[in-house]
Amino acid sequence: MAGIPGLLFLLFFLLCAVGQVSPYSAPWKPTWPAYRLPVVLPQSTLNLAKPDFGAEAKLEVSSSCGPQCHKGTPLPTYEEAKQYLSYETLYANGSRTETQVGIYILSSSGDGAQHRDSGSSGKSRRKRQIYGYDSRFSIFGKDFLLNYPFSTSVKLSTGCTGTLVAEKHVLTAAHCIHDGKTYVKGTQKLRVGFLKPKFKDGGRGANDSTSAMPEQMKFQWIRVKRTHVPKGWIKGNANDIGMDYDYALLELKKPHKRKFMKIGVSPPAKQLPGGRIHFSGYDNDRPGNLVYRFCDVKDETYDLLYQQCDAQPGASGSGVYVRMWKRQQQKWERKIIGIFSGHQWVDMNGSPQDFNVAVRITPLKYAQICYWIKGNYLDCREG
């Protein structure tokens, strides 16, 4: 392994040129591309002062820098990329550390990432995230809520959504626990909620056996042991690249014992089945309900997917997923390819337009998140 100094554009083009195979094994089977992935490894760790946990929780974020603004900016240097992928870890006792990372390349391929500048002016954000008719579906009944893939969606005590991505790990948006300056109130005692039937036998009670109302559900909460937030989110808010790094990983104090959804590198939008994405979350206009939606991707940059899936605050942090054919195992598999972040108000060719935005899991981000989960880069060679 050897670090590659200078601009990461060479790694990016190597990835695009040789890092993936043909996206289709057959015309009717959209197939997960095979990537050769970089390695992100810790180099040093420093102890930091305890945070004050004074920030107000934000259930959505916004940015005025749209696709063209994003695409027109230069790639980060190697040193900048290392800074963005370095991360803070917060522990349940309130202590925290900062870990610097190195980026390494195996088999002559790697990854690069674009970021936005803050020079683009934008309109003020509108208060809606619903486009035309509300196309969201509330999921009712334990037969659906407790089964895959809906059972992978969990609720954070700060008000956001998360997705189960390993036996003890939850992927969510960074802004759900950190505002870019400090941690939000309640993060030190952060909990993750799992829907379960309100009654032990899964029924509705003796007097409700014939009721047509949906079965009552409740949340069972598990405390979070530690959280990881990339420095790109913390440092990036100073120059408007933060949205590219709006993701965080939570480690639970004990296993959740549910089926989880693996993470994967986000394919180009044109390779997604039907050009669509899916996600489920706990939108705050439908309290207590898990809300599912799917929609077409309207535009993309290297780090973001722009879409108009109907969503409301509270859905932030939802795992964006697709279902594609896994050639090696000869089976269909869903993977998380992004994290729903929030709303963006964009000037498109002189005409205002608004989007909902998801952070893509790029090869570098995959390598980082996978290492957080596995603790061994050798287990993170397949995206």
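Glycine is treated like the rest: Cβ placed from N, Cα and C.
As recorded in Swiss-Prot:
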SIGNAL    1-19  signal peptide
CARBOHYD  ASN93  N-linked glycosylation site
MOD_RES   SER109  phosphoserine
DISULFID  CYS160-CYS176  disulfide bond
ACT_SITE  HIS175  active site, charge relay system
CARBOHYD  ASN207  N-linked glycosylation site
ACT_SITE  ASP240  active site, charge relay system
ACT_SITE  SER316  active site, charge relay system
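Around CYS176 (disulfide bond), taking its Cβ as the centre, 31 other Cβ atoms fall within 10 Å, counting all chains.
For the recorded positions ASN93, CYS160, HIS175, SER316, the greatest number of Cβ atoms within 10 Å around a candidate Cβ is found at SER316. Rounded to a whole number, the distance between the Cα atoms of CYS160 (disulfide bond) and HIS175 (active site, charge relay system) is 9 Å. In this structure, the C-alpha atom of CYS160 (disulfide bond) lies 6 angstrom from that of SER316 (active site, charge relay system). Cα-Cα distance from CYS176 (disulfide bond) to ASN93 (N-linked glycosylation site): 19 Å (rounded to the nearest whole number).
In this structure the alpha carbons, written CA, of ASN93 (N-linked glycosylation site) and SER316 (active site, charge relay system) are 26 Å apart. A coil conformation is recorded for ASN93 (N-linked glycosylation site) in the three-state DSSP classification, outside any helix or strand.
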